[in-house]
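Colleague: Below you will find the structure I want to go over with you.
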Amino acid sequence: MISIRQRKGVKTTEVSEDYAAQEANVKLGNKLPSGYTIRRLWKFLSFTVGGTIALCIGLLTSVYLATLHENDLWFSNIKEVEREISFRTECGLYYSYYKQMLQAPTLMQGFHGLIYDNKTESMRTINLLQRMNIYQEVFLSILYRVLPIQKYLEPVYFYIYTLFGLQAIYVTALYTTSWLLSGTWLSGLLAAFWYVTNRIDTTRVEFTIPLRENWALPFFAIQIAAITYFLRPNLKPLSERLTLLAIFISTFLFSLTWQFNQFMMLMQALVLFTLDSLDMLPAVKATWLYGIQMTGLLLVCILQFFNSMILGSLLISFNLSVLIARKLQKNLKTGNFLNRLGKLLLHLFAVLCLTLFLNNIIKKILNLKSDEHIFKFLKAKFGFGATRDFDANLYLCEEAFGLLPFNTFGRLSDTLLFHAYIFVLSITVMAALAVAFHNLSDSTSQQPPGQMGKCTILLKPETAYNLIHTILFGFLALSTMRMKYLWTSHMCVFASFGLCSPEIWELLLRSIRLYNPKRICIMRYSVPILILLYLCYKFWPGMMDELSELREFYDPDTVELMNWINSNTPRKAVFAGSMQLLAGVKLCTGRTLTNHPHYEDNSLRERTKAVYQIYAKRSPEDVHALLRSFGADYVILEDSICYERRHQRGCRLRDLLDIANGHMMDGPGENDPDLKLAGHPRFCEEIKRNLPSYTAYFTRVFQNKTFHVYKLSRNK
């Protein structure tokens with residue numbers, strides 16, 4: 001029988017507590033999605049704002065540099081020959097191939113003219129696509145032919161606007177790298193501001209537009225940004241694959257556009273080797289990057305018709321040696337501190353010996369001598385014996401290949417960049433040393449790929465990579481001024497990242513016992529904003545003045561020379577002279593040259609030294625015989641070289657030739673005891689006296705204040 005009975009008493013407090021708990025859970029459940037949505041919305045908004053600023057500041061930098069170029073030369077108003085002359089030295093040589101491709105009746109004829117070229121070096125047929133990195137000129141010429149822009153845009157503007165457009169990509173990549181490292185786009189903004197305010201030391205694109213580095217460095221910056229992202233732990237498989245693709249494409253394009261790519265990537269490989277050896281980088285990711293470097297370089301080698309200089313590069317030998325040595329030394333990362341240190345030193349020695357062995361074998365097999373001038377230069381530069389080698393001394397005496405001038409640091413300090421860089425560098429170096437010591441001291445078993453030791457929380461893999469990168473490229477810049485542009489641009493990235501990084505401020509505040517999460521937040525945002533305000537206040541007026549300053553290209557002597565050559569010499573005439581001037585002769589007149597500024601070929605270097613005897617103490621018979629051996633019809637003598645005062649004694653071109661020929665140098669000063677008096681006067685001076693011994697071989701056909709052109713007789 002069913003009955004209804006009274007419920008047992010329930011305390012009201014229990015009911016209220018249970019209800020309150022349930023209500024709290026419901027509220028918390030409602031709050032969680034709401035908070036998550038807000039965070040996602042904030043993240044999306046921050047990404048949108050930061051990305052928009054990156055694109056805008058990249059474009060503004062591009063327009064700024066293009067405007068400076070226009071204001072400096074009045075490029076839109078000067079004649080075509082003046083525009084071409086403004087592409088000085090090797091810049092003119094590279095641009096001439098873009099012009100040559102556009103002037104070819106068809107693309108196939110243009111390609112044929114580059115592959116079987118007999119105008120760049122007289123009496124020789126060379127493959128320009130193999131010898132030089134000019135695929136970018138080929139690509140642009142094809143693009144200009146295909147796109148319907150011929151009516152609206154002149155070829156020269158299409159070319160220079162492309163280069164200035166690449167500067168937008170360059171600045172955006174620097175911005176992105178700094179953002180990735182610090183976690184805030186404010187860091188990228190500061191990096192971009194520093195790049196622009198330190199323009200004198202971060203780029204030279206506005207006055208050396210076609211230079212190979214201006215094509216290559218934007219892709220190099222993209223590669224660094226992609227590597228920085230790739231080294232982040234716990235990436236999703238799809239993100240990792242896409243990042244590897246970005247690294248490969250940027251590495252390939254960087255290698256394709258600059259002949260010195262192998263040396264820059266060798267520095268990168270040394271960064272990876274250092275971090276991998278110290279357990280600051282997952283070995284699997286290092287292996288991927290080694291492989292991408294070699295694959296990209298070998299693909300370029302194929303496109304450059306198996307260029308032997310690439311096959312014989314130190315980079316390929318080094319990367320192969322690292323991978324081989326790692327296989328042979330399987331227990332490299334086990335044992336106590338002293339044990340691991342000993343293994344590490346042995347590993348370093350094995351890699352070094354194997355690299356030199358492989359490189360020597362490859363060069364002997366290929367009979368490679370194209371890059372020996374670089375090693376002669378480095379040997380003399382770092383004090384491993386004096387040299388009388390003409391090519392090595394030619395580099396040693398150029399300011400661009402000298403030590404970084406001290407006043408560079410003064411300019412970088414004016415923008416607070418150098419101070420900020422040293423501040424961030426000091427903290428990260430101390431953190432790196434602590435992490436390295438911890439990793440070498442840790443005798444536990446090896447960690448799974450992609451995971452670092454506990455101490456590495458102080459220094460993330462992507463931070464460690466950029467730290468070693470900036471240190472090695474800093475040493476490169478200090479030793480060779482021309483390479484400072486690789487360092488100073490990354491300096492902007494590294495300094496801005498450090499000022500906006502919570503990890504850097506945490507390390508600093510903990511070390512002085514002032515750690516507080518709120519203080520970190522205040523410091524990482526307030527310091528960059530104050531620096532940005534300072535930069536705007538101090539440099540904005542100067543930048544506006546710079547944009548309003550108008551100048552004009554003026555080089556009447558060179559213009560007169562080019563016009564005379566075009567009007568008074570046969571199209572097939574061969575010209576001899578300085579390699580810098582001859583690049584302009586080829587661009588402006590299309591005449592055949594005896595030599596040119598692209599110096600990465602042993603036979604060309606020997607030819608250049610022979611042609612330069614026009615500035616040495618040689619007889620007219622000898623000079624005539626040398627020039628005629630290269631098929632020269634005309635020789636151009638420059639007073640600025642013959643009576644050079646730009647360099648000090650011992651570094652003037654005529655002095656380098658005298659030393660190489662075993663002759664005593666002109667002027668007061670010491671000479672080596674084994675140098676002898678020359679048996680003949682200096683050719684470039686004596687020929688102007690019109691003595692019979694000279695007029696029998698050379699007839700002056702043109703002269704102005706700067707240049708003297710002589711026609712060579714065809715008699716012996």
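Quick reminder: no glycine exception, Cβ is built from N, Cα and C everywhere.
Per TrEMBL, the feature transmembrane segment maps to 44-66, 156-174, 179-195, 215-232, 244-275, 295-323, 344-362, 416-437, 464-481, 487-509, 521-540.
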Colleague: Residues sitting near the transmembrane segment (416-437): Cβ under 8 Å, six or more positions beyond its termini, same chain?
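Modeller: Apart from its flanks, the transmembrane segment (416-437) reaches 194, 197-198, 278, 280, 337, 409, 453, 455-456, 458-459, 463-464, 467-468, 470-471, 491-492, 494-499, 501, 504, 507-508, 531, 534-535.
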Colleague: Do the transmembrane segment (464-481) and the transmembrane segment (156-174) come close, with at least three CB pairs under 8 A (pairs 6 or more apart in sequence)?
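Modeller: Taking Cβ pairs at least 6 residues apart, the transmembrane segment (156-174) and the transmembrane segment (464-481) are not in contact, as fewer than 3 fall under 8 Å.
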Colleague: Applying the under-8 angstroms CB criterion, which one of 215-232, 244-275, 487-509 scores highest with the transmembrane segment (179-195)?
Modeller: 487-509
